[in-house]
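Handing you this structure, nothing more for now.
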Amino acid sequence: MTHQTHAYHMVNPSPWPLTGALSALLMTSGLIMWFHFNSTILLMLGLTTNMLTMYQWWRDVIRESTFQGHHTPNVQKGLRYGMILFIISEVLFFTGFFWAFYHSSLAPTPELGGCWPPTGIHPLNPLEVPLLNTSVLLASGVSITWAHHSLMEGNRNHMLQALFITIALGVYFTLLQASEYYEAPFTISDGVYGSTFFVATGFHGLHVIIGSTFLIVCFFRQLKFHFTSNHHFGFEAAAWYWHFVDVVWLFLYVSIYWWGS
């Protein structure tokens, strides 16, 4: 903050947006190579560069916020607005998937047999793994709230316990989802039902993995005493994101698994 007459953070030039964009290009190109040519080399390269970019960018943000004091109240306010806008954009992203699902299911075309689920599709039982997944995510919503309140009260041990439980539940959800995909009696290529089901639930699963990664970073930061009861926006943003993931799943469960079956 030396030689500065304002409370805002002037970010130094960083290579990570460029490497992040390149890793995204490599991953999307790698997916095409994997789908069409059964080659995972480009995809693995993209994932590796993405992981390296995430690690180093997160490291820089932690340095700037925790050790250099750049995250003043004004900067934190801007970050909060940014996170809110990001979550709104994610809501609109998922709105597109729900629109596709309801557009197809509320007025099934003759090609689908005039019914929903389409003729020949055997949907998953919503009272089996999907209901367990719902319980797991709802429980994780409770534990992340417990972690947040413990942090605000300065109870470090309870915060760590609650955060660990949330991460464990997030990983468990991902494993359950993977087993459900493996055992599903239909695939992404089974018409509009398969494509809307796997794209909507798959993108939600990706968001759970991203949210779990965010929480794991917060867990290690808390182990190193990075958060205080009044300076913990990194954790707060992760908690907001996790609640968003939780709410989206409830809509997915009610729409696609329960009503759609």
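Using N, Cα and C of the backbone, Cβ positions are placed for all residues, glycine too.
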Answer yes or no as to whether Swiss-Prot lists His71 and His231 within the same topological domain, that is, on the same side of the membrane.
yes
In the same chain, which residue numbers or ranges, 6 or more beyond the ends of the transmembrane segment (16-34), come under 8 angstroms Cβ to Cβ?
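Contacts with the transmembrane segment (16-34): 40-47, 49-50, 52-53, 56-57, 60.
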Below 8 angstroms Cβ to Cβ, which residues of this chain, lying six or more residues outside the transmembrane segment (41-66), approach it?
9, 11, 14, 16, 19-20, 22-31, 33-34, 213, 217, 221, 226, 233-234
Between 73-105, 191-223, 233-256, who has the most Cβ pairs under 8 Å to the transmembrane segment (156-183)?
191-223
